[in-house]
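Beneath this line is the structure, given in structure tokens, with notes to follow.
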Amino acid sequence: MSDFQLEILKKLDELDEIKSTLATFPQHGSQDVLSALNSLKAHNKLEFSKVDTVTYDLTKEGAQILNEGSYEIKLVKLIQELGQLQIKDVMSKLGPQVGKVGQARAFKNGWIAKNASNELELSAKLQNTDLNELTDETQSILAQIKNNSHLDSIDAKILNDLKKRKLIAQGKITDFNVTKGPEFSTDLTKLETDLTSDMVSTNAYKDLKFKPYNFNSQGVQISSGALHPLNKVREEFRQIFFSMGFTEMPSNQYVETGFWNFDALYVPQQHPARDLQDTFYIKDPLTADLPDDKTYMDNIKAVHEQGRFGSIGYRYNWKPEECQKLVLRTHSTAISARMLHDLAKDPKPTRLFSIDRVFRNEAVDATHLAEFHQVEGVLADYNITLGDLIKFMEEFFERMGVTGLRFKPTYNPYTEPSMEIFSWHEGLQKWVEIGNSGMFRPEMLESMGLPKDLRVLGWGLSLERPTMIKYKVQNIRELLGHKVSLDFIETNPAARLDEDLYE
């Protein structure tokens with residue numbers, strides 16, 4: 001038994017109840033107290049409860065206001081001294097922080113007004129007031145907080161406002177209330193932690209006391225590799241696709257020609273998506289060869305320039321050299337285009353999917369990265385319709401735990417009709433977009449040589465969005481990139497997409 005544990009038992013024997021360990025043992029920190037109490041509780045010597053008290057301390061700025069007065073009082077006194085004050089001169093005379101906050105709060109309190117000359121002057125209610133008798137509420141409340149006096153009487157809104165203004169900082173004091181346990185005494189017998197063969201053979205265990213198992217304690221963390229959350233969710237998606245009869249497409253070609261990334265998908269060469277601000281172009285090498293399929297190339301040229309297969313085209317001069325430029329693929333539909341072109345050699349119903357990285361030259365923020373993962377599914381069959389697409393989307397997302405979908409018409413260059421897919425998000429209490437879908441255009445499919453009655457459904461969604469929702473990640477940079485915490489990777493649980501993903 002430690003000296004501190006013995007001190008606690010003696011004080012408890014003297015008082016019957018220790019109402020505040022903070023007051024009784026001020027020289028010991030809360031962690032030392034908690035450790036000693038837990039040890040004594042394991043011996044049934046005592047019981048204790050934790051009491052947390054919220055505290056507030058003045059920041060450097062708050063202490064300055066306490067000593068010098070609030071910004072609004074400084075402004076009012078300056079206006080009284082000068083008579084009037086040009087608004088443009090407030091910042092230069094008082095500084096940007098004092099001027100901005102002081103003006104706002106003085107107007108709010110009704111202490112100042114703006115005249116016809118765009119000057120600040122004292123309001124009517126302060127015209128004949130001695131400013132020394134004017135109550136500086138901000139300063140008074142800060143003094144009250146510093147003295148820890150009647151904090152319960154301060155309105156919560158006022159405290160929140162002071163915190164937002166960074167005039168006070170919230171803290172916490174941990175205290176404990178201690179009472180006697182069922183086996184209380186000031187003597188402490190050491191508890192055995194292991195049952196040995198000698199104890200059993202000599203029956204010595206009958207006279208010993210053993211430390212009870214603590215089933216609530218954390219085990220030692222095993223040092224081992226761990227799967228990234230994106231890999232876990234990716235594997236869930238793969239299993240959903242496999243269970244629905246899909247085959248995975250090869251997706252390891254990150255660099256594509258503009259032909260497969262844009263032209264084969266019926267995206268015109270003047271489309272904004274092909275601009276430098278949206279697409280990463282490869283510097284070395286700059287270009288690559290085009291497909292050897294001359295009929296296919298002629299069809300693409302014709303369908304862009306004057307139209308074919310029921311289309312009037314885009315009516316522009318299509319340039320083969322534009323197709324040869326190398327880019328980091330902006331979507332995984334480039335993979336689908338290659339696979340569908342191969343399918344044209346032996347047309348038949350098929351189901352394909354891919355999950356891999358794509359790249360966009362766009363601003364990075366909490367929900368967008370220049371590099372992310374796209375989940376894409378492609379289903380080809382004879383004489384299927386938009387109704388089949390809707391039904392299939394409902395079945396696909398139901399396996400992810402997402403039901404009650406809504407579909408909204410949208411525009412994609414390579415699908416028509418096209419639909420955005422929305423689901424109700426219980427946490428956000430609103431409909432959120434979870435995917436994009438459509439039927440690939442005849443201009444794209446028939447150019448490849450696919451028969452007219454073989455139609456293709458396609459849809460895609462981000463891998464990051466469901467992962468962020470599942471793991472409650474607010475900033476995508478904490479999920480992917482150099483800011484990811486290794487502790488987060490090692491401790492996150494497995495993901496099951498069929499368990500209320502969007503709730």
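Each Cβ is built from the backbone N, Cα and C atoms, and glycine gets one as well.
Worth saying up front: this structure is predicted, and the values here are computed from it rather than measured.
The candidate list F262, F280, F309, F440 contains one residue that Swiss-Prot assigns to the L-phenylalanine site with T333, Q374, V375, E376, Y414, namely F440. Classification of S2 (N-acetylserine) by DSSP places it in coil, neither helical nor stranded. Most buried of the binding-site residues E376, E416, judged by other Cβ atoms within 10 Å, is E376.
The most densely surrounded of the recorded positions S2, T333, Q374, judged by C-beta neighbours within 10 angstroms, is T333. The Cβ of V375 (L-phenylalanine binding site) has F237, F353, S354, I355, G460, L461, S462, L463 as same-chain neighbours under 8 Å, each 6 or more residues away in sequence.
Between the binding-site residues Y414, F440, F440 has the most other Cβ atoms inside 10 Å of its own Cβ, all protein chains included. Taken over all pairs of the listed L-phenylalanine-binding residues (T333, Q374, V375, E376, Y414, F440), the Cα spread reaches a maximum of 18 Å, rounded to the nearest whole number. Taking S2, E376, F440 as the recorded positions under consideration, the smallest Cα distance to E416 (Mg(2+) binding site) is found for F440. In the three-state DSSP classification, V375 (L-phenylalanine binding site) falls within a strand.
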